[in-house]
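Following: one structure in structure tokens, then a few remarks.
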Amino acid sequence: MIFNDGLMTLMAAGGNSKSRFPTAEQVQTLFERSVETDHIDVFIGHSWSAGRWQKYLALCLYFNLERALWCSIAAWSLVAGLFLGVGGLTSLGGSYLALPCLVYLPMAVFFVTLLFGQQLVGAVCGLGSPSLWLDRLCVHQTDEEQKAEQIAALPIFATSHFALRYHRAQAPHHATGGAMRRVLHAAAHDTRTLERMRIPFTPCVCGDPLPTRTHVTFDCPAMPSPLAHRSSAEHRFLVPLLSGLSAPEWQLPDVPEDLLLALSDAETIDSALLVATDGSALHAPEAHDLLWFQHAGSAVYWVPAHGRHPEWESPLAPVPTAKLRALNETADSAAGQATAPFTHVFAAAKMAAAQAASWAETAVTRQALLVATWHDAVAQVLKPILGGESANGAMLTFAAQFIIGMISGTVHLPVCIPSFFSFQMKIQSHQLMLDQMANFDVRAAHCTVPSDREAIEQHVKELFQRNGLNNDLQNASPVDAGEICIQKFIPLTEEYGNDSLDRFNEYVRGTLREFVITQIGKELYVPWRICLIAFLPLIFYSSVNVLGCDNGPCEESARLAGFSSVPQYMAVQATGWVLCIGAGYPLTYPILLRMVKFVLSYGAGPVQLVLAFLCCPLAYLYSTICVSLILASLTALVEHYSPVQVWVFLVIIVLLAVQVILLFSTGRKHADSCRCVRRQEAAYDSLLQNEV
């Protein structure tokens, strides 16, 4: 019931922030809010050194993780089905609703259910609440008589810029490879490539024995270039540099005081405020390369200026068309007067931008023509090696997709910081638990109240007394009340002595410790399913990437990506995400655990901590490499099918599958269970019979 009431009530059970123990009245109130039960779902054995938030989150993970996962999947399925049912498969292409509806909403459902699922299920749905046994609540802390009875019943988260106008326009038309694509990316083959590959070539007509692509395009005296001379960097990249326009020093116009007063009053009104401005100054549609002039999107309503479009009518019912046209003329005139001193500067900048685009077009076209024979020579050598006509394209596609995957993986780097602390804590806590069990001694156990020790030891003696327990074990069935029978129970022979406490110590150090390891694994083990849940936001985002068509119209995105149709494009995207989610991203955490464990095994000094921290980006880098290999090999296989590409794809998938098997198939022999406390039920039954 305390857990059902939420976090604050559970935290109150441990006292307020200023006091370790609550008052007697608070203890009585909390105890009265608990209820009697005939069974226990979870026996909570906790550490006083653990924070209350940790305990609450541990309960949330145990009870609510499964339902939070399924609730978030249900929310995602409902929203995705609604979008697809109403608009079709390509309805989310370029839509701004995809990310909030398919990622933010399901994750909000996940966290709400994770933190408050017990209240939703217990109170809203009317289902039964789980029964917990927590010593602080179930053992009265102030009433000594009740406390004795309950102890006896114990067994139970820039100034200049490159003018890329021409390159941006041309890149989509050469997305699948070829000489032009290499020229646009300043990576055209020349005699240096041919020399490395030992491909025969002839010197330049001017006599240069090793002509470069820059030489033949700009510097060859035998083939004079018609282009204006620019810097070596511009010649190398085929992209001209433009000086950015500095912000003009505007002179404030004479504004009447009544207008200033009206504007100040406008801040306090709730109705719409109509502001007339010059649209051309905001949009400047022809000035693509003048960065400070790009203010598109500020205007809400468009009014045709200079008497154009006489059929246009006002979209605002309260404001007549004539009034809007008059306001527009006033704003246009005022903007013209204000920008008049800068007209020649802007005109010169526009001219420079146009000349830069023309220069880039001529340079790219000229270089593509001059290096075509070199490119073809390289392609002819590579085709037999990589699989026919599409060899060069396949290699370029593989490299491009691999680089894109690596760059996209950098978004995961910020989570390295919390991962380092959480995994360090996981390793230390897990190892501490196993070490404490291996060296367990009930006589050395700490009791908050010293007088409790005698009652606890007496109960252990009765539970592990030789005669009663041996008889019960001889008559016990291999499967006891539906529980898994512990086959490795240590025989209670003379080697452990006659002391029941010694036999209990050996039971905890041996049988119980081995069973815990089979249930939760060793400190380096993390389940594959938990790794997937950790990447749940990314899994939901995969649907945004597939259904949202890379944030663009699906037909256009498929064409730019080099696919023949939208279904093929979406199928390849979906297949890539499935493979990455199953065999790529989950590798991060077991790799990280092993790296951190290896470093910390040499000590916990400052040097080791720094090295352990550096392991975090390395682990994420490794998983990013695996994901990039999947995407690159799959895309190259689809776009440039050949037997070689099939073998490359299969080898990568097989190697990743082997990694998954090796990292996730060890350290787990049984399904998840948290029912360790009921393994010797026959012993408890005999105790009850003796007491009766």
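Just so you know, glycine gets a Cβ as well, placed from its N, Cα and C.
Only residues 6 or more beyond the boundaries of the transmembrane segment (67-89), in the same chain, are considered here, and those with a CB under 8 A from a CB of the stretch are 97, 101-102, 105-107, 109-111, 113-114, 117, 121, 533, 536, 540, 543, 547, 566, 570. Annotation comment: TrEMBL describes 67-89 (among others) as transmembrane segment.
Using a Cβ-Cβ cut-off under 8 Å and counting only residues 6 or more beyond its ends in the same chain, the transmembrane segment (96-117) has close neighbours at 6-7, 60-61, 63-65, 67-69, 71-73, 75-76, 79-80, 83, 536-537, 540-541, 543-544, 547-548. Residues annotated as transmembrane segment in TrEMBL: 96-117 (among others).
TrEMBL lists 402-423 (among others) with the feature transmembrane segment.
Positions annotated as transmembrane segment by TrEMBL: 530-548 (among others). Residues of the same chain lying 6 or more positions beyond the ends of the transmembrane segment (530-548) and with a Cβ under 8 Å from any Cβ of it are 65, 69, 72, 76, 80, 83-84, 89, 92-95, 98-99, 102-103, 106-107, 110, 570, 573-574, 577, 581, 585-586, 588-590.
The feature transmembrane segment is assigned by TrEMBL to 568-588 (among others). Tertiary neighbourhood of the transmembrane segment (568-588): same-chain residues 89, 412, 528, 531-532, 535, 538-539, 542, 545-547, 549, 554, 557-558, 561, 619-620, 622-623, 626-627, 630-631, 634-635, 638, 653, 656-657, 659-660, 663-664, selected by CB-CB distance under 8 Å and a gap of 6+ residues from either end.
Under the heading transmembrane segment, TrEMBL lists 609-638 (among others).
Outside the transmembrane segment (644-665) by six or more residues, the chain places 386-387, 394, 398, 527-528, 579, 582-584, 586-587, 590-591, 626, 629-630, 633-634, 636-637 with a CB less than 8 A from a CB of the stretch. Residues or ranges marked as transmembrane segment by TrEMBL: 644-665 (among others).
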